[in-house]
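Chemist: From TrEMBL, for reference:
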TRANSMEM  34-51  transmembrane segment
TRANSMEM  57-78  transmembrane segment
TRANSMEM  90-112  transmembrane segment
TRANSMEM  124-145  transmembrane segment
TRANSMEM  166-186  transmembrane segment
TRANSMEM  206-229  transmembrane segment
TRANSMEM  278-296  transmembrane segment
TRANSMEM  331-349  transmembrane segment
TRANSMEM  361-382  transmembrane segment
TRANSMEM  581-601  transmembrane segment
TRANSMEM  613-633  transmembrane segment
TRANSMEM  645-666  transmembrane segment
REGION    680-729  region 'Disordered'
COMPBIAS  681-710  compositional bias 'Basic and acidic residues'
Amino acid sequence: HSWRGDIQQPWQATVCGYPISIFFIVVNEFCERFSYYGMRAVLVLYFKYFLRWDDDFATTIYHTFVALCYLTPILGAIVADSWLGKFKTIIYLSIVYALGQVILAVSAIHDITDANKDGTPDNMGFHVALSMVGLILIALGTGGIKPCVAAFGGDQFGDHQEKQRSTFFSIFYLSINAGSLLSTVITPILRAQECGIHTQQKCYPLAFGVPAALMVVALIVFIVGSGMYNKTAPQGNIMVKVCRCIGFAIKNRFRHRSSQYPKRAHWMDWAEEKYDKLLIAQVKMVLKVLFLYIPLPMFWGSRWTLQATTMNGDFGILIIQPDQMQTVNPILILILVPIMDSIIYPLIAKCKLNFTPLKRMTVGMFFAALAFVAAALVQIQIDQTLPKFPSSNEGQAKFINMMNKSLPIKAGANQFMLESFTANEDYLTFDKPFELILGDGIPEMVSLSDGTRNTMVIVQDGVQPRPIAFKDITSKPEQGANAIRFLNGFASTVNVTVRNEDFGDIVTNNMSKYIAVPQGNAEFLIRNNAGQVCVYNQKFGFGSSYTYIITPTFAFGPNCQEGIRPVLDIRPNSIHMAWQIPQYFLITAGEVVFSVTGLEFSYSQAPSNMKSVLQAGWLLTVAVGNIIVLIVAEAATLPDQWAEYILFASLLVLVCIIFAIMAYFYTYIDPTKIEAQFAQKEPDEKQKRKSLEMARKDSVEHYKGDRRSSDSSSDSSSDEDDVIQQSKM
């Protein structure tokens, strides 16, 4: 065995200058991230459709879980650096993690408590309890091993392998994104399968079970490489030491605050009375980096899934759903990391530009700010295509003429003619009750509820036309779906179905409920009580709303489609999702420059006994960033989405400037050199102490030997006192 500081270094086989052990670490990280992101991809759907929680509660629990996963790294780091060492911490917490995944998968089996075999669990509390236990174990596991795996990978390199270590952090980041990309594509497909013993349902046990299996694979792969790893010995409870050292320095500085005491170079030097210089030097290194981290959480700003729901995802050969647009981020990372590492950075180095890690991180932040500006520009374009919904003190109305003749209508100041079985094109807006005159009928006052959209269906009532009001939706349909409903003007009750959805029985002159129909071709089946069926086909885009009129002249038969009239209430999304690619490119370029560099910087600037702690500090900025996003989104009640994006961009530019100033004053250090200097000083001091002890021992021996001769006793005792005095000094 050779030794490097306190790192036990077994003989290492290398491939292209890289230790073989890191391949095990990269494969382990790929499997672990696949497992984590796969489970996360279907988690909100599991809360919503299996545990039957409402949207708000599901989202809150989801965000709490994600924040917890980024807060627990601190615990993992403390355990690794001060107690178990990184290797054992990764193994023990991976077992906890795999157990959590298995428990979550079991909690999703509806047949466990389904005694009456009706497909719904009879004891939902049992499933909720199991899934919460599973999620807590997962948060402990994933968070606990997160800081250790990256730092453990860094430990595999010697001091002479600076370049390889830097590339390792890039490959490590690639494996994270490859795992997350594959799992976000695969897990929803697994969820969509039907499974079950008594009743077939969406297959959550499979969607959670595959990630659980991969976690077990990750653990096995990691253990297989055991013999090849460098394993750093943990160094006592380092966090407690660091906190006490800082506390003592502050207290001591406060005690000696008057001007009579000489100043010291750094406020941490006030701890010298009690702590050794090596520890103080290490604390200084950590504090320097942590201080730099203060502005970083702002980088982990919000993402744009919601924006995609108001866009058109038809790419011709490919239809992209709004939630799939997020996969552009990991795809671009897989492309950009190698380009940055093998082309961009070497080119910058050739141009003799000193592109230091902190400069890279500043550029990364600037890219992220530009991405939000791009998102705001796209949002302004989208807003121009969105319908104008009523404000809180307005009502809107649209009129449909169900009479078999054209009808002049006067509504407030608006006058128009409606042909039979048609509607006026746009909603009319009214801020107070208005006078409605239908044909040559009697005027009547109509009052609309504030903030509502209404459809006034005009039917023949004896001689006079009569309006019937129905409430319409007042927002774009969710997730890019299309809100569809039917108005039955036919003489008898009809039933309408589409895919597995049922509009229910619609009586004459009545409106069905809305059903969300996804993009693509839809086949509507219209049936009457006599068992006759009419098939009506429609092709939908994204985010539209239609009312389909089954006219009084409708008849079942081969030409039944002619008796159905579409009324467009909300136009389909027209701005293409491809417009999001520039902002995704900018944020990803920013992330590659910022994140990979940040991981590597945290490792290279950390003292040997606090590598994991600084990795955890880095992950903590992500947690705080998620919390900031939630707070800003809640607190800044900006009326327009684009304004929120501009707010994020401005905050990022501000933070970018602050960070650039802080980075300018930062001096890079080599922790191993500093530690080596102190390590050299210590043996010298120990040697001095040892020789003093020897001198003292000799004099004591000498004193005992000559004790009988009284005349020399006083000399030897004074000698001994001198030695004792000397040794105390």
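The backbone N, Cα and C atoms fix where each Cβ goes, glycine too.
Looking at the shown structure, can you explain where the listed features end up?
Modeler: Tertiary neighbourhood of the transmembrane segment (34-51): same-chain residues 57-59, 61-62, 65-66, 69, 101, 104, 108, 110, 124, 127-128, 131, 138, 142, 179-180, 182-184, 186-188, 191, 202, 204, 207-208, 210-212, 214-215, 218, selected by CB-CB distance under 8 Å and a gap of 6+ residues from either end.
Listed by sequence, the residues of this chain that lie at least six past the ends of the transmembrane segment (57-78) yet keep a Cβ under 8 A from its Cβ atoms are 36, 40, 43-44, 47-48, 89, 93, 135-136, 138-140, 142-148, 237-239, 612-613, 615-616, 619-620, 622-623, 626-627, 630.
With a cut-off of 8 Å between Cβ atoms, the residues of this chain six or more beyond the transmembrane segment (124-145) that come close are 32, 36, 39, 46, 50-52, 65, 68-73, 75-76, 79, 89-90, 93-94, 96-108, 110, 112-113, 619.
Distant neighbours of the transmembrane segment (206-229): 10, 12-13, 19-21, 23-25, 27-29, 31-32, 34-36, 38-39, 42, 46, 87, 90-91, 94-95, 97-98, 101-102, 104-105, 108, 152, 155-156, 183, 186-188, 190-191, 193, 195; these residues of the same chain sit at least 6 beyond its ends, with a Cβ under 8 Å from one of its Cβ atoms.
Beyond the transmembrane segment (361-382), the same-chain residues lying 6 or more positions past its ends with a Cβ under 8 Å from any Cβ of the stretch are 298-299, 301, 304, 307, 310-311, 573, 575, 579-580, 582-584, 586-587, 589-595, 597-598, 601, 640-643, 645-646, 648-649, 652-653, 655-656, 659-660, 663.
Proximity of distant same-chain residues to the transmembrane segment (581-601), defined by a Cβ-Cβ separation under 8 Å and at least 6 residues beyond the stretch ends, is recorded for 150, 165-166, 169-170, 172-173, 289, 296, 299, 304, 325, 328-329, 332-333, 336-337, 340, 357-358, 360-361, 363-368, 370-372, 374-375, 378, 615, 618.
Remote same-chain residues near the transmembrane segment (645-666) are listed as 288, 291-292, 295-296, 298-299, 301-302, 356, 358-359, 361-362, 365-366, 368-370, 372-373, 375-376, 379, 632, 636, 638 (criterion: CB distance under 8 Å, separation of at least six residues from the stretch ends).
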Chemist: Can you tell me which parts of the same chain pack against the transmembrane segment (90-112), counting only residues 6+ beyond its ends and a CB-CB cutoff under 8 A?
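Modeler: Contacts of the transmembrane segment (90-112) (Cβ under 8 Å, skipping residues fewer than 6 from its ends): 32, 35, 39, 46, 50, 76, 80, 84, 119-121, 126-127, 130-131, 133-142, 144-145, 148-149, 152, 196-199, 201, 204-205, 207-209, 211-212, 215-216, 218-219, 222-223.
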Chemist: For the transmembrane segment (613-633), name the stretch out of 166-186, 278-296, 331-349 with the most CB-CB pairs under 8 Å.
Modeler: 278-296
